[in-house]
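Take a look at the structure set out below.
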């Protein structure tokens, strides 16, 4: 056993469980690829100031949860706690908003880091797939992203998830609501940290998960009662477009999400089988974020879906994904000459697109067949001196147990025809 273990709150993805994680990532990405979203990858760390400005200096993510470091050159960096700010920074740096028509549609996948109290569904290292549509203010774009996430979850077989939807207003109507909310919150029995938050960003208090705070928020003013006519019309169209596609949702007037950059449309995907960590993904519109990080006005919308929590949701519903076999064929050589010949056959099968493995390490027949069974291969190719003398190999069906000689020159075609 190794002296070292994965750091607290992290995990290693290893076979066979890792195949499910890969399948989830691919399922979430698939509808994005069909909808004009191009892949983007950003560094695992960024300048601390990017997240302080974009995510919000008063958020728990920035004040308590970021992993920060100072380089030898004095740069203040942070491991990325979320993806949107990094993707927007990269798009601005590359002038993607000037290179063609808007919106710029991007998707990404990667690891993110937050120093949180580890528990099931909440890790210090986690994986997400995200999508961002940059540079267009259009209710149809908000609806598109919600529908694409919905379709991704449905393609995985998930049924017990819900979509929560709200509008956070804009720079016209939110200040009026902010003042009303502050007046309400100042009268509550709140701790010193929360009172400071009331003055900096009172909407963040609505996202407080502590029961003692939530009880006091029961009669808090609701933003929907303060929306301007433009925001009401915008939100109504988003709802109409989603409904027209047969996607059901629930209005949640207190949904604010945990990041400061959201405006207007905000949404969350929750799964009732995950207990307290029920959110499997979410997002919204962030029309002012580009300007917050030094860019031009670029209204945008996006989401991030948690791969880890989506896997937990699959487990909660008892769903086992139909995963392709890691290996379709396993080659077992008996003797040095057979080892050389079958090694070449393995290469030919792989070139032909057949997933094939080999009995490495000079195993005897018994040990090699055990390895073949463990691999999950449908067929095993066995060859010894007598087989090679006759220019054949033995092709064994691991399900039926049937075995038959196949001419060495016809192995690839024989295997492909049997696999269909």
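Every residue, even glycine, has its Cβ placed from backbone N, Cα and C.
Please treat TrEMBL annotations as automatic predictions, because they have not gone through curation.
So that you can see what the record holds, here are the features copied from TrEMBL:
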type	residues	note
BINDING	82, 83, 84, 114, 128, 132, 257, 261, 262	L-histidine binding site
DOMAIN	1-324	domain 'Aminoacyl-transfer RNA synthetases class-II family profile'
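Features per TrEMBL, on structure.
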{"residue": "82", "record": "L-histidine binding site", "CB count, 10 Å": "20"}
{"residue": "84", "record": "L-histidine binding site", "CB count, 10 Å": "27"}
{"residue": "128", "record": "L-histidine binding site", "CB count, 10 Å": "22"}
{"residue": "257", "record": "L-histidine binding site", "CB count, 10 Å": "21"}
{"residue": "262", "record": "L-histidine binding site", "CB count, 10 Å": "27"}
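Annotation note: residue 257 (L-histidine binding site) sits in a coil segment as assigned by DSSP. Model confidence over the domain 'Aminoacyl-transfer RNA synthetases class-II family profile' (1-324) is summarised by a mean pLDDT of 92. Farthest C-alpha pair in the L-histidine-binding residues 82, 83, 84, 114, 128, 132, 257, 261, 262: 21 Å apart. DSSP assigns residue 262 (L-histidine binding site) to coil in the three-state reduction, outside any helix or strand.
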